[in-house]
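Pulled from TrEMBL, these are the features on record:
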| type | residues | note |
| --- | --- | --- |
| TRANSMEM | B:80-98 | transmembrane segment |
| TRANSMEM | B:193-210 | transmembrane segment |
| TRANSMEM | B:222-241 | transmembrane segment |
| TRANSMEM | B:247-272 | transmembrane segment |
| TRANSMEM | B:279-297 | transmembrane segment |
| TRANSMEM | B:309-339 | transmembrane segment |
| TRANSMEM | B:351-373 | transmembrane segment |
| TRANSMEM | B:379-405 | transmembrane segment |
Amino acid sequence: MFKSGIFNIFLTLLIQIKGDDFKEEIFIKPLPPSHLYVDFHFITLVNGEESFEHSYLAPRSLGEIMSRYQVDELHLTLTEGQWKHNQWGYPVLDAAPGAELYAWFNTDVIDVDIQWKKLSSTLSGLFCASLNFIETFNTITPKMSLWPTGAQKPKQNYTSQLRYASLPREIVCTENLTPWKKLLPCESTHGFSSLLNSRMIHNTNYHSIGVHVRRMCVDNNCLETNLEIKQTVALVYDFKIINSMDWSFRKLFGQGLPGACPLSSSSKIYVDTTSNSTYRFKLTPEPNLILLSQRGGSETELAVYNINNSIMMNIVAKYETKSKLFVNIPPPLSFTRYVLGYGKEFGGIVTELTNNYWAPIDVVLLENAPWWLPIQLSSLRVNGEAESKLILSQYYSPGRSRQKPYHLELLLHLPPKSTTTLTIDFEFVFLKWQEYPPDANHGFYIGSALISANLPTAKNYTSLPITGNTFDSIVNASKPWYPMVFRTNGAMVSLPTPDFSMPYNVICLACTVVALAFGPLNNICTKELVLKAPGTSISLRQKILNMFKKKKD
Amino acid sequence: MALILKYFVAGLVRYWLIHTDYWQTISNRVEIATPLNSWKRLIEGIYLYDHGIDPYEGDSFHESPIVLVFFHFMLKKVPYLLPLIFTLMDILTAHILYKTSKAFVLILEESQEKIKQNIAKESKTMLLNKSQLNEAPDYVLSVYLFNPYSVLNCVGMTSTVIQNLLVSVSLWGAASGQRLLACTFIALATHQALYPILLVVPISILLANVNKGCNKCSYNRTLLIFVLCWSFLIYISAYIMNGSYSYFYNTYGFILTVPDLKPNIGLFWYFFTEMFEHFRLLFVCAFQINALALYVVPLTLRFHKEPVLLATVLIALSTIFRSYPCVGDVGFYLAFLPLWKHLFTFMQQKFIVGCAFIITSVLGPTVWHLWIYSGSANANFFFGVTLSFATAQIFLITDLLFAYIKREFTLKHGSSRQIDGKPAKLVLR
């Protein structure tokens, strides 16, 4: 105990000198009546150092990727399940189902596409995910919906350095979580990350692991920048699965919290107790601190636990009333997406955006249809109108089969208290038989649409302000608007399939029909008609000639 | 009077069908609209062009830039007139076919005059008389106007309507000896769909025959004018697209490499769906050579004395073997068949072919519905139907050619099938 204490002090000192800083946080928010949102944040701040020849707390593997491929900002999420914005409000960071990767490359990079391919392949190896399936045909460059969150040099064209791809079919499992945990300074032996055991966290309604890397200013002058590596895990537990409304660390993670990571400068647990006024629950042990935050017209109460020892602890919440009717107040902006049509010939995608707020909201909607789902821009209708005044700006890049996806971005003006419905038609494509994935009749996943909005109110808003990196920063962080990038739900279509057992038969039959034309036409063109008695014997000379003819064939 | 009534009724049927609720269904049918000619894709291309997006950047538009600007102009100025324009174009095609077949009949008569000396005495009755020849154009007109294939093609407002018009004008120009007209229009048709390039051969023969004189000079002149026209059109198209030749990949490239495997009535779609990737190039080349080059030379050598027959057969073969055929193409070459009414007595498979046409036309939409909408059939059913449709067409064409050479033989040697009083058989040697 003593030895390890000295070791810790020594290590902490070393790190203080170096300037690397590691923080861990858990944010817990009950989503009454039926769910619980748990969000882990592990933040590593790296001072200065560009090349990552030496690294202290930051994972060298990730740092090397950033410096080798000259990536300025990187966001990778691996998600299973669908966040229900209508019921659960907004998450800290939204993620698309499956794998999602986007990155800004340094403005010095000339051939971004090559670096992008290298980056995705390397990350694929690092996280054991199928990111190597990111090709030009599923990559887009969003023009309006995504902006870098980190420090940027002024007057540089960042949009052209951005690449975005999502793989909605990707299944997220233990093999992605293990390498992810290896990037943490304490790995999974100490600290909050020891709670993340895959048996429990894959038993949730929604789980999303992510890595977000960006450059942050050291001070307001921004002459120096830090590299911020943020690793996140978002989990949504269903009370039905854990069998009661009362939750505890032991129930959620299968074990208590063994204490803080010795390398961390701060380890805090925040429990959102705002819903305590309607759904009373009691936290044990008592929190160290109660924070009251007023932000953009909403009040939040946070119970804070400061963990700085390594004593096993278990935070428990006990609800007083079990059966109570719950009125769901929808968030300011909500949306759904679904596929129209029957049969496998023509269809349509509908995106419904609802503005529940009393003021208009401007949003950017990014529709990203794969090449095998050709959308027709001429069929775009906003509330049934072809030329709508709600579209303020539009960008469209048509897709090309096997080369480029269809990419549509719309800047929309959503009037207050209204629902805006966008429909766009598509035609099903008939693929080659070898292009179908295994189990072709399972269906094809369509990725989520991105909705990027500057919300005028912070109702249901839990994200950190753009300059903050810990949960402290949300306290009283009122701003004129609150930026957020949402992902709608994905969809699935069933493409028409050929008969996979037929290639030889089809090739033979089609060639036979061609031969049916060739044979007679050849005869007509090369031979002449003669009269011949059926019984007459052919002359010897003719017989020999015929034999030669046959041999020649 | 009867003629005007025919035009009127046919036009009315087309115009009325475009304005019924079934128009949408008809214009989306796979048998009628292919990725190459569908109205929907034309609209999408015009929409993109109108919004300042290059329609050839994407994969949805495959018409030539000339068609694009033409319809862009039409849609801006007179969108309500488009159904009428399509109807009128189809009626005009019918009328030009009528005039063409009148010219063709004259050519047939002339060639009959030439061989009169060599005809066997007993076959003299088989020679075509005036009334037989004169009723052929009426049949051609009726077949084009009332053939359900051509009617549906026009109702679907496909660009095949334009292509049929261009081809018929160039044939008419050739038959009446107007070289510039014939060459310009065949170049326009080639620019739109590539396959009409085959018709340059019968057109140059026709032109040489009609404008008597040096045959070789005539061929050269025709070829030269055609090439000049075609290159001019290619240049104009690039000029429309601001000097970019990227439309090439989306028009000719699309026709030749067959990237879109949406089912149609042709042979390509399922064949290349099921093709092994490393053999794809080989078979694409083989199939395109089969459609574009294989039959031109032998058929020309064999039938150079009958350019009309050569034209009919080449149109038909290129329809059967092209990468994106539609019923509009079939309807077009079927209209030429009544010119060969005198061969029908020598054809052996009329009944089979007729039945096959009817059965496949009914079965096609049925199995398509079963496959795509009810999910109770699979792709093989529709493939089977398209395969038998192609077989029926091939039988029709080969049978027509056999009938021609049989008639030729009979005219020369008389109708008795006997050698020295013993029964004998006609065989190919």
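Glycine too: its Cβ is placed from the backbone N, Cα and C atoms.
In TrEMBL, annotation is done automatically, which means it is predicted and not curated.
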Per Cβ pairs under 8 Å, the stretch of B:193-210, B:247-272, B:309-339, B:351-373 packing most closely against the transmembrane segment (B:279-297): B:309-339
Dominant neighbour of the transmembrane segment (B:309-339) in B:193-210, B:247-272, B:351-373, B:379-405, by Cβ pairs under 8 Å: B:247-272
Contact ranking winner - B:193-210, B:351-373, B:379-405 against the transmembrane segment (B:247-272), Cβ under 8 Å: B:379-405
Tertiary contacts of the transmembrane segment (B:379-405) (same chain, 6+ residues out, Cβ under 8 Å): 263-267, 269-270, 273, 303, 306, 309, 312-313, 316-317, 319-320, 330, 337, 340, 343-350, 352-353, 356-357, 359-361, 363-364, 367-368, 370-371
